[in-house]
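Peer 1: Below is the structure I would like to discuss, written out as structure tokens.
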């Protein structure tokens, strides 16, 4: 078994430690309408196409009930599109500041390329958003061989289409010769649905939701508990492997190749 390509997620996996760029924007657009949502609620759908993310938030029972209390009715598609337009406007302005590669990513990608492994990527951001993020990340030294956004395929995560398009453009087949790595539940489902080896990265992830400073200063036992919660969540949603940092990815690749594992 030879791993020929790795498909990385972006925010929370390769850039934007903790995936904070969209978080406060989601909270802000609801707050503006008198509906308060928590950071935990805002993170739950992370990884989806952003308009789908907003739609899922409006469908959460507590949020939909609070919306109904404020407006006397449940959110409509018009409300969702209106919030999405505001979301885009705010996010576009801040995205350049959230495109810094996470520590270790550039070195791991360079090492993978030395092994002949191709580098693909998928995202929950739109093409317009990624034009900003990818440009800034490239300036800072990170550029995958290929990028697919939900705009390029019939549907985003958890559907496998973005991974399939990466496979076609990178000329890799069968799908079990590829790894999908990400930091959200939707990443795990995307990779599994595509028939790929699926890896969840924990530190820096949206699922963990901590800044680098918080990780460094947290009580080790408390941090370990939080890490294990995320690890279990990834496994429950299809991850074949979990890693705490990107530097562990090559160990996973060697394990798959040496053990000649078969996707179950």
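Cβ from N, Cα, C; glycine included.
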Peer 1: If Swiss-Prot says 9, 11 bind Mg(2+), which of 152, 183 does it name for the same site?
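Peer 2: Of 152, 183, 183 joins 9, 11 in the Mg(2+) site that Swiss-Prot records.
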Peer 1: Give me the sequence-ordered set of same-chain residues, not including 9, 11, 183, with a C-beta within 8 angstroms of the centroid of the Mg(2+) site's C-beta atoms.
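Peer 2: These residues sit around the Mg(2+) site: 10, 12, 13, 14, 16, 19, 46, 47, 123, 182, 184, 187, 205, 206.
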Peer 1: Around residue 11 (Mg(2+) binding site), which residues of its chain at least 6 apart sit with Cβ under 8 Å of its Cβ?
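Peer 2: Listed in sequence order, they are 19, 21, 22, 98, 123, 124, 125, 133, 206.
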Peer 1: Whole-number Å only: compute the distance from the Cα of residue 50 (active site, schiff-base intermediate with substrate) to the Cα of residue 9 (Mg(2+) binding site).
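Peer 2: About 15 Å separates the two Cα atoms.
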Peer 1: Secondary structure at residue 11 (Mg(2+) binding site) (DSSP, helix/strand/coil)?
Peer 2: strand
Peer 1: When a 10 Å sphere is centred on the Cβ of residue 183 (Mg(2+) binding site), how many other Cβ atoms does it contain?
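Peer 2: The answer is 33 other Cβ atoms.
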